[in-house]
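Taken straight from TrEMBL:
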{"type": "DOMAIN", "residues": "4-181", "note": "domain 'GTP cyclohydrolase I'"}
{"type": "BINDING", "residues": "Cys73, His76, Cys144", "note": "Zn(2+) binding site"}
Amino acid sequence: MSLEQHYSAILSQLGEDVTREGLVDTPKRAAKAMQYLCRGYQQTLDEIVNGALFSSDNSEMVLVKDIELYSLCEHHLLPFIGKAHVAYIPNGKVLGLSKVARIVDMYARRLQIQENMSRQIAEAVQQVTGALGVAVVIEAKHMCMMMRGVEKQNSSMVTSVMLGEFRDNAATRSEFLSLIR
Ligand SMILES: [Zn+2]
């Protein structure tokens, strides 16, 4: 069965009349939307970075703040939406400006839990740049908490992963944390 046919079956199971006008093309649209929201499965780190790695003797922290993030939780297939802050300390190489955001996107466009996604992003940046340290903080609101379950509208979840210098050096870590505050 195609994704489209599965969506049609889901709508029937929910009690809908899948032949009514408003729903005629819904299974097709839903399938397309879901494929878009999960397109990260079709991408690889190599293809995303595409050689945009440049020599640099800068050894100061590089920080990309407030990267918008849209993902789906793997437990309920409901969206979680937020921001990622990613920093690294170069060790001879820096990444092209837009690449950090594209790495975040590649992992966000998969079924995720926020903790794992934070770690995957940090490890990817580490792997690509060979940085002396990588820090990732993600703040997000989860529709599975807001629309169902405990229905808490204002709680957001914060996860962080610190690698290398950010883990071992308290001053580096607190510089990062004060820059994203
Ligand atoms: Zn969930």
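Even glycines carry a Cβ here, placed using N, Cα and C.
Fair warning: this is a prediction, and the values are worked out from it, not measured in the lab.
Over all protein chains present, the Cβ of Cys144 (Zn(2+) binding site) has 16 other Cβ atoms lying within 10 Å.
Report note: the Zn(2+) site is defined by Cys73, His76, Cys144, and the residues of the same chain whose CB lies within 8 Å of the CB centroid of those residues, excluding them, are Leu72, Glu74, His75, Leu77, Leu78, Phe80, His142, Met143, Met145, Arg148. His76 (Zn(2+) binding site): 16 other CB atoms within 10 A of its CB, across all protein chains.
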